[in-house]
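Over in TrEMBL, the protein carries these features:
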type     : residues  : note
COMPBIAS : B:1-11    : compositional bias 'Polar residues'
DOMAIN   : B:107-311 : domain 'ABC transmembrane type-1'
REGION   : B:1-42    : region 'Disordered'
TRANSMEM : B:53-76   : transmembrane segment
TRANSMEM : B:109-132 : transmembrane segment
TRANSMEM : B:144-167 : transmembrane segment
TRANSMEM : B:173-194 : transmembrane segment
TRANSMEM : B:215-240 : transmembrane segment
TRANSMEM : B:290-311 : transmembrane segment
Amino acid sequence: MTAAPQAARRRERAAAPAPQVPTSPRRKRPMRARLREDYPLLLMCLPVVILLAVFMYAPMLGNVIAWMDYSPYVGILGSDFVGWWNFQRVVADPRFWHAVQNTLIITGFQLVFFFPVPIAMAILLNSVLTKRVRTAIQSIVYLPHFFSWVIVVSIFQQILGGAGLVNQFLRSRGLEAVEIMTNPDTFLLLITSQQVWKDAGWGMIVFLAALSTVDRSQYEAAAVDGAGAWRRIWHVTLPALRPVIILLLILRLGDALTVGFEQLILQRDAVGAGAAEVLDTFVYYSGIVYGDWSYAAAAGLIKGTVSLILVLGANKIAHVFGEAGVYQR
Amino acid sequence: MTTTVPRTSARVSEAGGSAARGPGHRRRHPDRPPYEAEPGPVAKTAKTTALTVIVLAVLVPLWTVVVTSLSTQAAINDAGGLVLVPGELTVKAYTDIIRGGVVTRAVGVSVLVTAVGTALSLAVAILTAYGLSRPGSLGHRPILFMLLITMFFGAGMIPTYLVVAGLGLIDSLWALILPTAVSAFNILIMRNFFMNIDRGILDSARIDGASEWRILGQMVLPLSKAVIAVVGLFYGVAYWNAFFNAVLYINDSAKWPLQLVLRSYVLQGQAVPGTTFDPSSLDGGQTAGLAIQMAVVVLAMVPVLIVYPFVQKHFSSGVMIGAIKG
C-alpha cells in the first residue's frame with residue numbers, strides 16, 4: 001500500500017501544478033473560454049454545493065446561537081446576544097469536565113487496547129500461506145464492521161447480559177452470575193471489546209494492504225543474516241507498517257474527543273451517566289433532551305474547535321517526523 | 001530476485017530434505033518462501049488456535065442469534081436463553097413478526113430510506129467526483145476545499161438539528177437522508193479512482209467532441225464498477241444502520257426505521273410506542289419474545305449479508321488504497 005498511494009500522490013502532485021507549468025496557455029485563456037469549457041464540470045458539482053451549504057455550512061453559521069440566549073419560540077432573529085456567557089457556564093460546569101474526562105479515558109484506553117489489535121491480527125493473517133484460507137478468514141472478520149451498533153450491542157447483551165449465554169453457563173455450573181452490561185466499573189472493558197469485535201477485523205485491511213507491498217527480498221536478506229521469524233517481524237514487517245501506523249495514530253488523536261457516539265448512547269441508560277457520559281452525549285442531553293440549546297451549542301463548539309486544533313496539530317507533528325500525514329495536496 | 005536463485009534453491013533442497021525426513025511431517029507448503037523454516041508443532045498449533053478463536057468469536061454469536069430466532073419456545077426454555085445447539089426448529093417468530101405488522105412497516109421504512117438515500121448519495125458522489133477530477137478545471141479548488149473542511153470540522157449536532165427542524169423536515173423521511181447524503185470521505189475515494197484513469201483516453205475523446213456528460217457516462221463509469229460497488233456499499237450500509245438520526249428527527253413511531261424498533265424490542269425491552277405488538281409480553285413471557293427479538297436482529301442483518309459477498313471481493317483491489325489515503 002505504501003508504494004501505491006505514494007505513487008498515486010506523486011502522480012496527483014505532478015498533475016496538480018500541471019496547468020501552471022506545461023499547459024500555461026490554459027491559464028492565460030480568458031475566463032469566458034474556460035467557463036465555456038468547464039461549465040459542465042461545475043454543473044456536476046452543483047448538487048454537492050447545495051447539500052453542503054444547507055446541511056453543513058448553514059449549521060456552522062447556526063453556531064452563532066452559542067453566543068445567544070436562544071429560544072426556539074422566538075427563533076434566532078428574536079434571541080438576544082449574551083456574549084461569552086454560555087461558554088463561561090460550560091467551563092464552570094463539573095458535568096462538562098466529567099464528560100471530557102470520560103472521553104479522554106476511553107480514547108486512551110482504546111489507543112492501548114484496541115489500536116494494536118488489527119496490527120497483530122494482520123501480521124498473523126499475513127503469515128497464513130494458503131490464499132483461500134486467508135481470503136475466507138478475511139471475509140469473515142470484516143463482516144461485523146457492517147452491522148449496526150444496535151445489532152452489536154443487542155448481541156453483546158444477549159451473550160453477556162443478566163440472562164445471557166455466559167450467565168446461563170455460569171449458573172448451570174452453580175457459579176454466581178456476573179452482571180457485565182450494567183456495571184460501570186467494567187464499562188470501559190465492555191465497550192472496548194465491542195469495538196474489537198466490530199472493527200478490529202476491518203481495521204486489518206489497511207495493514208494487510210501495506211504488508212502485501214513489502215519486498216520479499218528484505219525478509220530473505222534478514223533470514224540469511226540469521227534473523228528468526230520474530231526478529232523478521234520486528235526489523236522488517238513493523239518498519240514497513242510504520243507510515244500507516246503513524247497515519248492512523250494521527251487520525252485517532254485528531255478524533256480524541258469523538259468516541260463511538262451511537263455505541264455509548266445505546267448503553268448510557270443501562271450503565272448510567274457516570275461511566276458513559278462523553279462529550280457527544282453531553283451535548284445531546286443538554287441540548288435536545290433538556291432544551292438548553294445555546295449551552296449545548298457552546299459545548300459542541302468547544303469540542304469541534306479543540307478537535308480541529310488536534311487534527312492540525314497531529315498532522316504538523318507527522319510532518320515534523322517526516323511522514324506524509326493526513327492531508328497534503 | 002533472480003540473482004538470489006542459486007542460494008535460495010540450495011536452501012529449498014535443504015529445508016525440503018529435513019521436512020522429508022520426518023514421515024509424520026506435513027508436506028512443505030508450496031507457497032512458503034525458501035528462506036523460511038517450517039514452523040514447529042507448537043508454533044503451528046498456536047497459530048491455528050488463534051485464528052480459529054478469532055473466526056469463532058465472529059461466527060458463534062451470529063450462529064446463536066440465527067438459531068434462537070428459529071427455535072421453538074420449548075427449545076429456548078430448555079436452553080434457558082440463547083440456543084447454541086439447534087433443537088426443535090420453527091419459523092413462528094417470523095410469521096408472528098409479519099402478522100404483528102410493526103416490524104414489517106419498519107422494514108419498509110428502512111428499505112425506502114436506504115434505496116432512495118443510496119441512489120441519491122451515489123449520484124451526487126459520482127457527479128462531484130468527476131466534476132472535481134480534472135486538474136486545473138475552473139473553480140474546482142474552492143469546491144474541493146469546501147468538501148475537505150467538512151472532514152475536519154463538523155457543524156455540531158445542535159445547529160444541524162435546528163436547521164433540519166427549520167426546514168420542516170421533522171418526521172419526514174428526508175431528514176434521514178439529506179443531512180447525511182454527502183460523505184467527503186466516499187467522494188474522495190471515488191475522485192481518487194477517477195483521477196487514476198488514463199487521462200489520455202479521456203482527453204482524446206474530448207478532442208473528438210464528446211461532452212463531459214458522455215465521457216462520464218460512457219467511458220468513466222464502465223471503468224469504475226469496482227469503486228461504485230464499494231462506495232455504494234458504504235452508503236447503503238450507513239443508511240441501513242443509521243439509528244441516531246431517527247432518534248433526533250423522527251418522533252412519529254409509525255415512521256421508525258428498523259434499527260429503532262430493534263432498540264426498542266431488544267435493548268429497552270418494550271413495545272414501539274403506539275403499538276401493542278410487544279415481544280417481551282407475548283404468551284410465555286420473556287423467552288417466547290426472545291425468538292422474536294432475535295428474528296428482528298436477523299432481519300436487520302440480512303440485507304448486509306446479501307450484499308456483502310458481491311462487494312467484498314473489491315476490498316482487496318485498488319479501490320481501498322484510495323480509501324486509506326482519504
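A Cβ is built for glycine as well, from the same backbone N, Cα and C atoms used for every other residue.
Looking at which of B:53-76, B:109-132, B:144-167, B:173-194, B:215-240 has the most CB pairs under 8 Å to the transmembrane segment (B:290-311), the answer is the stretch B:53-76.
Listed by sequence, the residues of this chain that lie at least six past the ends of the transmembrane segment (B:173-194) yet keep a Cβ under 8 A from its Cβ atoms are 109, 112-113, 116-117, 120-121, 124-126, 128-130, 132-133, 147-148, 150-151, 160, 164, 220, 224, 226-228, 230-231, 234-235, 238-239, 242, 245-246, 248-250, 255, 257, 318-319, 322-323, 325-326. Long-range contacts of the transmembrane segment (B:144-167) within its own chain (CB-CB distance under 8 A, at least 6 residues past either end) are made by residues 128, 132, 175, 178-179, 182, 184-185, 187-188, 248-249, 326.
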